[in-house]
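J.: Pulled from Swiss-Prot, these are the listed features:
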type: BINDING; residues: Ala3, Leu4, His5, Phe6, Gly7, Ala8, Gly9, Asn10, Ile11, Gly12, Arg13, Gly14; note: NAD(+) binding site
type: MOD_RES; residues: Lys269; note: N6-acetyllysine
Amino acid sequence: MKALHFGAGNIGRGFIGKLLADAGIQLTFADVNQVVLDALNARHSYQVHVVGETEQVDTVSGVNAVSSIGDDVVDLIAQVDLVTTAVGPVVLERIAPAIAKGLVKRKEQGNESPLNIIACENMVRGTTQLKGHVMNALPEDAKAWVEEHVGFVDSAVDRIVPPSASATNDPLEVTVETFSEWIVDKTQFKGALPNIPGMELTDNLMAFVERKLFTLNTGHAITAYLGKLAGHQTIRDAILDEKIRAVVKGAMEESGAVLIKRYGFDADKHAAYIRKILGRFENPYLKDDVERVGRQPLRKLSAGDRLIKPLLGTLEYGLPHKNLIEGIAAAMHFRSEDDPQAQELAALIADKGPQAALAQISGLDANSEVVSEAVTAYKAMQ
């Protein structure tokens with residue numbers, strides 16, 4: 001089996017690329033970073049530090065790399081069995097034209113073996129969005145052929161990969177946590193379902209997408225925002241602060257009650273999932289900066305994201321949300337000189353006041369009880 005993976009950054013190398021290579025798949029990375037491309041093609045291998053209770057170093061070998069903006073990547077799309085991405089939500093639109101060209105070439109060459117494309121991004125149904133961009137870039141006479149022979153498979157991914165602090169200045173070395181989860185929608189594949197260790201198949205993807213968003217992402221963000229307010233540097237420092245831990249755990253339990261109502265998750269298993277996530281935040285090997293995790297507060301306070309979406313669920317089912325409100329209030333206090341969204345948030349609150357600002361960012365009714373609760377909590381933190 002041959003695969004092409006867009007994005008040779010830390011997540012690409014440390015998570016998806018590693019799983020594919022470990023499964024014995026012939027893997028080529030596509031990227032724009034020439035330093036990384038040259039290093040991969042010189043060595044055809046790299047090291048991954050896997051850190052949890054202990055630390056181990058795995059070597060990923062037998063890999064190649066091409067530029068994601070040249071002809072080589074188009075040629076590969078015409079030949080491979082699987083295309084994956086870890087480029088960030090914004091970049092999906094930029095790689096779509098190359099994918100479209102590759103699919104046209106595949107059609108012209110008469111290659112009708114099934115191709116599956118999986119975007120492994122921190123977003124909901126990212127592959128469906130990528131498909132829209134690819135379809136827009138395709139000529140009309142290729143669209144029906146692509147619909148027949150190419151599967152666009154949505155996925156949910158979860159692994160903490162902090163920015164590398166390699167002591168060796170090796171551009172390929174990467175550190176990842178032990179935990180990883182890659183869940184894919186098995187109803188969207190063309191041809192036989194792949195057997196890749198570490199890839200989990202489901203016919204109910206949205207349940208797992210929301211489980212991750214409402215638990216890992218909600219908890220991570222609230223830990224960062226409360227941690228920043230309390231003067232902590234890292235996620236580990238913050239979660240070891242008992243006051244912060246109580247709110248974070250409480251918020252994940254509140255969002256968990258929504259998941260249990262909505263999807264029928266088992267309450268005991270979900271409690272164990274929450275405990276596992278708290279353990280991940282405590283990982284001493286992950287130097288995960290609260291400022292990095294907290295960045296882009298406007299996006300994180302938007303209606304479909306990790307703070308407001310679970311809150312809306314508690315309103316839908318009439319469930320408690322005191323700790324989620326604390327997290328939202330802390331997010332409104334997030335300030336960072338390096339983050340344009342943090343500066344925009346501060347300006348918005350200074351201009352409109354916290355009530356109108358939160359309503360504008362989140363889509364919540366300015367006169368609603370929850371906005372009033374959040375503003376009260378926000379003022380209590382000043």
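Every residue gets a Cβ built from N, Cα and C, even glycine.
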J.: Please identify, among the binding-site residues Ala3, His5, Gly9, Ile11, Arg13, the one with the smallest Cα-Cα distance to the residue listed as 'N6-acetyllysine'.
T.: Ile11
J.: Just how many other Cβ atoms lie inside 10 Å of the Cβ on Ala3 (NAD(+) binding site)?
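T.: A 10 Å sphere around the Cβ of Ala3 (NAD(+) binding site) contains 24 other Cβ atoms.
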J.: Would you say which of the recorded positions His5, Lys269 has the most Cβ atoms within 10 Å of its own Cβ?
T.: His5
J.: Going by DSSP, is Ala3 (NAD(+) binding site) part of a helix, a strand, or coil?
T.: strand
J.: By Cβ count within 10 Å, point out the most packed of the binding-site residues listed: Gly7, Gly9.
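T.: For the binding-site residues Gly7, Gly9, the Cβ with the most other Cβ atoms within 10 Å is Gly7.
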J.: Around the Cβ of Arg13 (NAD(+) binding site), how many other Cβ atoms lie within 10 Å? Please give the count over every shown protein chain.
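T.: Looking across every protein chain shown, the total is 29.
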J.: According to DSSP, which of helix, strand or coil covers Lys269 (N6-acetyllysine)?
T.: helix
